[in-house]
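Here the structure is laid out as structure tokens; the discussion comes afterwards.
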């Protein structure tokens with residue numbers, strides 16, 4: 001309690017409480033968090049190494065996958081270490097500047113990931129609806145520009161938030177009822193008029209989730225129309241099969257995001273710990289599961305991963321001899 005009282009007195013320090021109501025389960029909850037964090041690092045690094053070392057995988061779809069893996073790794077680094085510190089030993093103290101930085105990076109990375117998922121949907125649309133123009137449309141230059149757009153878009157959309165929060169005064173509690181510096185969780189602690197923060201947060205979320213989901217849905221409507229115009233059942237199955245991994249990743253990424261978004265704003269009777277658990281599912285599960293989905297459902301990656309491990313075992317055997 002002494003540390004919490006100090007948090008009330010020092011305006012430059014916040015305290016992340018963790019999951020209110022589930023404090024006695026923090027140590028147990030750290031086990032899945034640790035497993036998901038480890039899976040995120042191992043899985044995404046494996047994807048990056050396999051794609052980088054296999055020239056046959058230097059194709060747009062796999063380059064977009066590398067962008068996704070890089071963003072997932074960066075997002076995990078922004079959240080998992082502090083989250084484990086809170087769950088293991090209650091190390092929830094965080095400076096105001098570090099809190100704003102964490103808020104910026106977490107939300108910016110989520111927006112970047114959404115942009116990359118949209119780019120991957122565009123990749124599948126071009127591959128199925130305009131296969132003869134695929135190589136001329138998705139050139140290395142275009143792919144690089146899409147990567148830059150993803151970074152700039154996420155950064156610019158989140159850039160005003162730290163400044164909008166910086167103008168607020170926190171005259172009461174500095175205890176954040178969350179596991180990380182989530183935008184609305186911090187805004188709720190402020191005194192005075194917070195409407196600009198609320199409006200901007202909602203607008204930015206709708207611009208990303210709403211626009212990207214609409215464009216992704218439109219691309220798949222066009223894909224389905226093109227697929228069902230094919231005369232061969234085998235060709236239709238193959239075309240839809242190429243979209244399977246991406247559809248799974250979209251469901252994994254957007255489903256918890258939408259649940260968290262709607263329960264946070266409209267689920268006023270939903271317990272607080274459910275809100276926070278959903279927010280953590282949104283941050284922890286997609287980065288851990290995305291490499292697994294692509295590794296299992298994509299034959300090229302699966303074969304290359306096996307080959308890399310076999311090559312590593314062969315080197316180890318030679319070294320032991």
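Glycine residues also receive a Cβ, built from the backbone N, Cα and C atoms like all the rest.
Feature annotation from TrEMBL assigns transmembrane segment to 25-49, 61-80, 100-122, 142-165, 204-228, 240-262, 274-294. Among the features that TrEMBL reports, domain 'G-protein coupled receptors family 1 profile' is placed at 43-294.
Contact between the transmembrane segment (142-165) and the transmembrane segment (274-294) is absent: fewer than three CB pairs lie under 8 Å, with pairs separated by 6 or more positions in sequence. When each of the listed stretches 25-49, 100-122, 240-262, 274-294 is scored by C-beta pairs under 8 angstroms to the transmembrane segment (61-80), 100-122 comes out highest. Here the transmembrane segment (25-49) has Cβ contacts under 8 Å with residues 18-19, 65-66, 69-70, 72-73, 76, 80, 83-84, 86-88, 90, 280, 284-285, 287-288, 290-292, 294-295, 301, 305, 308 of the same chain, all six or more residues outside its ends. For the transmembrane segment (100-122), the residues of the chain that approach it from at least six positions outside its boundaries are 61, 64-65, 67-68, 71-72, 74-75, 78-79, 82, 94, 146-147, 149-151, 153-155, 157-159, 161-162, 165-166, 180-183, 186, 204, 208-209, 212, 215-216, 219-220, 246, 249-250, 253, 257, 282-283, 286, judged by C-beta separation under 8 angstroms. Under 8 Å from some Cβ of the transmembrane segment (204-228) lie the Cβ atoms of residues 107, 110-111, 114-115, 117-118, 121-122, 124-125, 128-129, 157-158, 161, 236, 239-240, 243, 247, 250, 254, 257-258, 261, all in the same chain and six or more residues away from its ends.
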